[in-house]
Amino acid sequence: MNRPVPPAPSDAATRLARRAEALDAADPLRGVRDRFVLDEAVYLDGNSLGALPRSVPDRVAEVVAEEWGRLRIRSWTESGWDSAPERIGDRLAPLLGAAPGQVVVGDSTSVNLFKLLVGAVRLAGDGRDEILLDADTFPTDRYVAESAARMTGRRLRALPPAGIAAEAGARTAVALVNHVDYRSGELRDLPALTAALHEAGALALWDLCHSAGALPVELDRHAVDLAVGCGYKYLNGGPGAPAFAYVRAAHLPRFDSPLPGWWGHRDPFAMSADYAPHAGARRLRVGTPDILSMLALEAALDAFDGVELAAVRAKSLALTDFFLECVGELVPEGAAEPLTPAEHARRGSQVSLRCPDAAGLLGRLVARGVVADHRPPDVLRFGFAPLYTGFAEAARAAATLGELLGASRRGPAGNGGR
Ligand SMILES: *Cc1c(COP(=O)(O)O)cnc(C)c1O
């Protein structure tokens with residue numbers, strides 16, 4: 001069966017492609033793309049799995065051959081494996097607006113959520129018997145919060161994020177909120193909500209999975225109490241990269257982890273029968289760190305060297321603005337409705353479009369070299385990683401989407417095939 005011939009680019013598509021060229025030429029982060037392994041595909045899924053930084057493969061090969069292969073057990077001390085979680089946490093800290101000594105890398109986001117949520121309830125004390133939860137949260141956060149509430153005997157209340165400030169009160173121990181909504185791409189007002197929680201005497205636990213590495217976070221400046229986030233999205237640490245946990249320095253001495261493993265002990269190799277937490281952020285650790293993944297993440301962070309987060313944010317907003325404009329011009333009216341707020345202050349680094357048959361459409365996009373993703377039931381997500389995504393890619397993605405949706409409008413014969 002013949003595939004339908006794609007329609008010739010419209011005048012609008014040609015004009016937008018020219019604008020994209022000019023925007024790419026003027027992009028101050030343009031050269032940073034060369035720090036990544038990419039190909040002709042338009043890769044707009046860095047919010048799910050960041051692209052591979054060129055700094056990673058040789059470093060991983062060296063760790064395997066030299067540090068593991070030759071030095072073996074000596075590497076725990078001689079190659080710095082022992083302190084890698086804190087060292088890489090401190091390397092990451094500037095991207096989170098955190099001073100050193102508060103961030104540890106390791107475990108998954110889900111595990112860190114558990115540690116920090118139960119730890120927050122313990123910090124808040126017995127008088128506070130409820131946990132507030134972002135009702136739109138990524139599911140793992142909800143599953144963990146339900147179990148943490150059950151274990152600690154707290155009541156869990158899921159609320160729309162915009163309603164959390166008003167509902168926080170004398171009974172609230174902690175609120176767990178996603179900084180950027182994974183489905184809609186909406187950015188929440190971290191400074192205002194953190195301040196409102198503090199006003200109520202409650203703690204703020206932020207999930208930064210979709211903001212770390214994509215926009216400035218400023219944890220210290222806004223006195224955020226606790227935060228977690230993911231290493232494999234905008235931080236490009238690789239599949240299953242360790243996550244991170246942040247606990248504000250002022251809370252660390254009292255932070256009582258519900259998973260007090262031996263690596264969080266003050267002196268792990270004393271092999272003491274009694275648990276005594278390390279004085280610093282090291283108490284957030286549990287068991288033996290996953291060194292290979294961790295050192296891959298460390299090497300991946302080289303991609304951020306010399307990059308200002310303000311420039312990352314400016315480019316992210318310009319890219320998502322431009323993509324929304326292209327969608328507005330090239331996609332038939334009503335075929336794909338933006339779910340992502342138009343307002344810059346409420347936008348993360350992705351654009352979500354609501355389209356019927358998002359799953360089928362995604363397959364046709366991928367077949368045409370535009371890699372995005374889909375969240376049920378009807379959301380297409382386009383992630384813009386400012387370190388390596390260009391304006392021409394935004395234009396090409398929108399033009400491809402416009403062709404596919406225009407074709408399907410014209411009737412079942414034009415369904416693009418797969
Ligand atoms: C990606 C993501 C996670 C992932 O959790 P893992 O335990 O690392 O698999 C958790 N929460 C949010 C909000 C996410 O976007």
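Yeah, the Cβs are placed from backbone N, Cα and C, and that goes for glycine too.
TrEMBL annotations: computationally assigned, not manually curated.
Among the candidates Tyr43, Tyr232, the one that TrEMBL lists alongside Thr109, Ser110, Phe138, Pro139, Thr140, Asp141, Asp207, His210, Trp262, Thr288 as binding pyridoxal 5'-phosphate is Tyr232.
By the rule that a residue counts when its Cβ sits under 6 Å from some atom of ligand 1, the binding-site residues Thr109, Thr140, Asp207, Tyr232 yield Thr109, Thr140, Asp207. Cα to Cα, Asp207 (pyridoxal 5'-phosphate binding site) and Lys233 (N6-(pyridoxal phosphate)lysine) are separated by 13 Å. Local packing around the binding-site residues Thr109, Thr140 was summarised as the count of other Cβ atoms within 10 Å of each Cβ; on this measure the leading residue is Thr109. In the three-state DSSP reading, Thr109 (pyridoxal 5'-phosphate binding site) counts as helix. Ranking the binding-site residues Phe138, Tyr232 by other CB atoms within 10 A of the CB puts Phe138 at the bottom. According to DSSP, Thr140 (pyridoxal 5'-phosphate binding site) sits within a helical segment.
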